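K.L.:
Mind looking over this structure? Questions follow.
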Amino acid sequence: MREILHVQGGQCGNQIGSKFWEVICDEHGIDQTGKYISEGGSDTQLERINVYYNEASGGRYVPRAVLMDLEPGTMESIRSGPFGKIFRPDNFVFGQSGAGNNWAKGHYTEGAELIDSVLDVVRKEAENCDCLQGFQVCHSLGGGTGSGMGTLLISKIREEYPDRMMLTFSVFPSPKVSDTVVEPYNATLSVHQLVENADECMVLDNEALYDICFRTLKLSTPSFGDLNHLISATMSGVTCCLRFPGQLNSDLRKLAVNLIPFPRLHFFMVGFAPLTSRGSQQYVSLTVPELTQQMWDAKNMMCAADPRHGRYLTASAMFRGKMSTKEVDEQIINVQNKNSSYFVEWIPNNVKSSVCDIPPKNLKMSSTFIGNSTSIQEMFRRVSEQFTAMFRRKAFLHWYTGEGMDEMEFTEAESNMNDLVAEYQQYQDAIAEEEDEYEEEGEEQYDEQ
């Protein structure tokens, strides 16, 4: 079985993660004690349940999850929450001090003291796997623990399991809604790490999620619960092909191969259709064309970047439910033909589709969208501008240097982020003809040698 080991860190990561497990338990028919409920279920629920669960004694299913935080609060609320009993008690790893929204505390001081106990749990879980496919990490980049300790863990896992996939669900700071003043610092230092150590980053941000809740779901006062509901639907969609039988499968590695034309450009926008609010999973029966249309809609993207401002390098569409693959293919071709200016022409057929037969609970069919668009640079550019504004005056730096960080590290992170923006811009502007001329020149030089 191709197992995925799930890690959640910090307050944001733990809240998203616990929501995700509620969704996955629901899909696989696992109740709050970890037992499988057979009524109304089907064999397919158990067929590949090993991807996310370990089977323990007495027929209980235990999530392959590691939960970490530098303060006990969020963990305790998960533990006392509805699904708190299904996790392995040893897999809760937490400190008492908190990171105080300080990346340096998470990455170098407090987090570094706790990281070995987290890695022990990760190793134990990895040893329980038959054929570990990779890791998925939920965290935010604005705080201290998820960003600082999250990226520390990612780099440690990278060292120990270099050939396994590393997928992150990273919540970026929002443009208008700021939780803490030092978000731009924490986010830039984190991106510096993610560019090097992660294989695939799904970029999320609260503001875009709020917009979806307001505009599409018509919720007047969305809670984090509603936002996390959207994220968990997407997370479940990304891995459904591994967990349920399908006609066209995809896994984390296939996704990466199809989506990442250049190694550093692995930050994706995600979307989901049909969008339903948490309480009213209306029994909407959409058609494949409607799903496709909604999923490519800019309003559907879960990060604050507008795909119409850039071009898609690659994209992936994952459909769930009983549908004709021919229709799926036709729709995908249709999207590419109608919006050809939004796709780079030097990667032909750059949309991959996959179909999984089992839809999510209460839906006839659904689709998950993952796009590698150059417009994601808007997010990085925005954070980078805020970073530069503060860093120029060395504002708040003493909190970081006090934990032993060097200003040099800030400068490096800043230029790495700016390089990333420049790379996206370069490929956004690239056109097919120029590439050809370049290749011919290359060949001529080669002949001369």
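Glycine is treated like the rest: Cβ placed from N, Cα and C.
These figures come from a predicted structure and were not determined experimentally.
The GTP binding site annotation in Swiss-Prot covers Gln11, Glu71, Ser140, Gly144, Thr145, Gly146, Asn206, Asn228. Summarising the annotation, Swiss-Prot assigns Mg(2+) binding site to Glu71 and lists similarity to another entry as the type of evidence.
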K.L.:
If H, G and I count as helix, E and B as strand, and all else as coil, what does DSSP give for Gly144 (GTP binding site)?
P.N.:
coil
K.L.:
Going by a 10 angstroms cut-off between Cβ atoms, which of the binding-site residues Thr145, Asn206 has the sparsest surroundings?
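P.N.:
Result for the binding-site residues Thr145, Asn206: minimum number of other Cβ atoms within 10 Å at Asn206.
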K.L.:
Could you say which of the binding-site residues Gln11, Ser140, Asn228 has its Cβ with the most other Cβ atoms inside 10 Å?
P.N.:
Ser140
K.L.:
Could you tally the C-beta atoms, other than its own, that fall within 10 angstroms of the C-beta of Gly146 (GTP binding site)?
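P.N.:
That number is 32.
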K.L.:
Which ones in the same chain are close to Gly144 (GTP binding site), with CB under 8 Å and 6+ residues apart in sequence?
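P.N.:
Counting only residues 6 or more apart in sequence, the Cβ neighbours of Gly144 (GTP binding site) under 8 Å are Gly10, Leu70, Gly98, Ala99, Gly100, Asn101, Asn102, Trp103, Lys105, Gly106, Asn186.
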K.L.:
The record lists Gln11, Glu71, Ser140, Gly144, Thr145, Gly146, Asn206, Asn228 as binding GTP. What's the largest Cα to Cα distance among them, in Å, rounded to a whole number?
P.N.:
22
K.L.:
Sort Glu71 (GTP binding site) into helix, strand or coil using the DSSP assignment.
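P.N.:
DSSP call for Glu71 (GTP binding site): coil, neither helix nor strand.
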K.L.:
Quick one: give me the count of other CB atoms within 10 A of the CB of Glu71 (GTP binding site).
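P.N.:
I count 19 other Cβ atoms within 10 Å of it.
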